Amino acid sequence: MSGNGSAILFSSLLRCCRSLEVLKSVHATMIKSNAHQDSFFVNQFVSQCSRIRQVGYALQVSAQMAEPNVFVYNAVFGGLVQEFASRECVELYVGMLRSNVLPDGYTFSYLVKACAQLSAVELGAAVHAQIEKLGFGRQILVRTVLMDFYSSIGWIGEARKLFDEMSDRDVVSWTAMIHSHSCVGDMISARRLFDEMPERSVVSWNTMIAGYGRSGDVETANSLFNEMPEKNLVSWTTMISCYSQNKRYKEAIECFERMKAAGVSPDEVTMTTAISACAHLGALNVGRELHLYSMSNKLNFSVHLGSALVDMYAKCGCLEKALITFYKLEEKNTFCWNCIIEGLAIHGYGSDAITMFRKMNEEGKARPNFVTFVSVLSACNHSGMIEEGRRLFSSMIKDYSICPVMEHYGCMVDLLSRGGHLEEALNLMSTMPMKPNAVMWLALLSGCRIHRNMELTEISAEKLLSLEPNNSSHYMLLINIYSEGKAWEKVERVREMMKEKEVQKRTPGCSWIDINGVVREFAAGHMFQLSSEMYFLLLRLDRQLKLVGFSPE
């Protein structure tokens, strides 16, 4: 195989390769024409292998070459780093040096990325020393990946030193340093660099918006977003994610709608973020529309999008649809299993949640993590399965080597308290490696109310009020407990405490309602359109409930 015509034909054949079978066919043609020893053709072949995620085959083909050059090695390095096969990348680099093939700047860019993926501090420092020794330290690409490496291991000062010493910087190096500062929450330094940039790219703007989102400054993120001279899909997705991660889900969906109105088509990542916002809002109709939109536009139903849909349907009360979506997914990761287990748990199907957990273990493709056990313990809690909860809690530690965190202990304390095992719950709290939080003491106090244990009521109430002295709901719960026990003196004492500490309910209850696909927010005591109709309907329902014998507490 030689000549420009053959090279063009070969390149065309490679571009059509979308599977391992076709790659093998092209490789066979290369072997017949002896092109499998030509660095130019092997370089292109290996690059295509990496593009369609067949890096293992790329390694095999490159290993058959008698004298691969640095370009072939670089193509393989790129594929290995893309697949996070960092150790293999380092091992191949050692083999390359033993073959007396000299590295170039691209070689070191991939090698440094591999060190970052491994969090290999000493190896990265050694590679940096070799970079300086061979004279590649002044290349912008190499210095930029070194900045990323030092930032990834938390050495921001070293990264900034490299940046400050650069005699020539491009927009990528500026953006990399901004990203480094924003990742550690130093938005002041990030903004200073952003304002000093001689030119900005869309990526620079997106990096700043994402940084403000992570730090909780949604207003500044939104202000920058509105100032952007040009927005791409990533910009919109970043802003939607910014709202979602700061629990401003209604605004996340509104931003998504504005994106569509601007003529920007969402991808799988955007849809996943928007559907997750619907899950938190309980906006079933909007979520259904997004599901339909995904199907109509033939988006890739990856495990991430599928998991978001399962989570959305489960949290919106449509458990049957969540199960259908779950079983239709070809690939299920741990998050996906966690979503369906949690969905079953919150709907009271505790035994079904445990059965699903067992199926997860039987399939063996996704390993349970600490979130999985929060879900299964919650399932036991919702269904009152005390013995099963004890067994799972013990199994989590012994069989899965998962160290319990606050959430696991909280589930167990709640489970034991609801079941009347108040002394056991208190003992568990006292043997924990961390101090019990207010949620645990509240669970114990609620258990005391159910089982009328006045002795432990005093202990849990004292601890709870010392942790959250201004939470009015705790005082009201305590008043209810004393009232039910006819301890009127203690009721009066709690009321006096509230007066002394000037405790009052400052934040009204807030809810979201999905009306004809539009999510509306309202708070207790607030007047809004249709308020009178809603109150009239609630009054009618209250009267009908009383007619059938319902008596509120």
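Cβ from N, Cα, C; glycine included.
Note on the repeat 'PPR' (170-200): its mean pLDDT in the predicted model is 94. Taken from TrEMBL, the feature repeat 'PPR' covers 170-200 (among others).
Feature annotation from TrEMBL assigns repeat 'PPR' to 201-231 (among others). Sequence-distant neighbours of the repeat 'PPR' (201-231) (same chain, 6+ residues past either end, Cβ-Cβ under 8 Å): 171, 174-175, 178-179, 181-183, 185, 187, 190-191, 194, 238-239, 241-243, 245-246, 248, 262, 264.
As annotated by TrEMBL, repeat 'PPR' applies to 232-266 (among others).
For 333-367 (among others), the entry in TrEMBL reads repeat 'PPR'.
Secondary structure of the repeat 'PPR' (369-404) per DSSP (helix as H, G, I; strand as E, B; remaining residues coil): 27 helix, 0 strand, 9 coil. Taken from TrEMBL, the feature repeat 'PPR' applies to 369-404 (among others).
For 1-19, the entry in TrEMBL reads signal peptide.
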Intrachain residues whose Cβ lies under 8 Å of the repeat 'PPR' (369-404), provided they are six or more past its termini: 334-335, 337-338, 341-342, 344-346, 348-351, 353-354, 357, 360, 411-412, 414-416, 418-419, 421
Tally of residues which DSSP labels helix, strand or coil - the repeat 'PPR' (170-200): 23 helix, 0 strand, 8 coil
Secondary structure content of the repeat 'PPR' (201-231), with strand meaning DSSP E or B: 24 helix, 0 strand, 7 coil
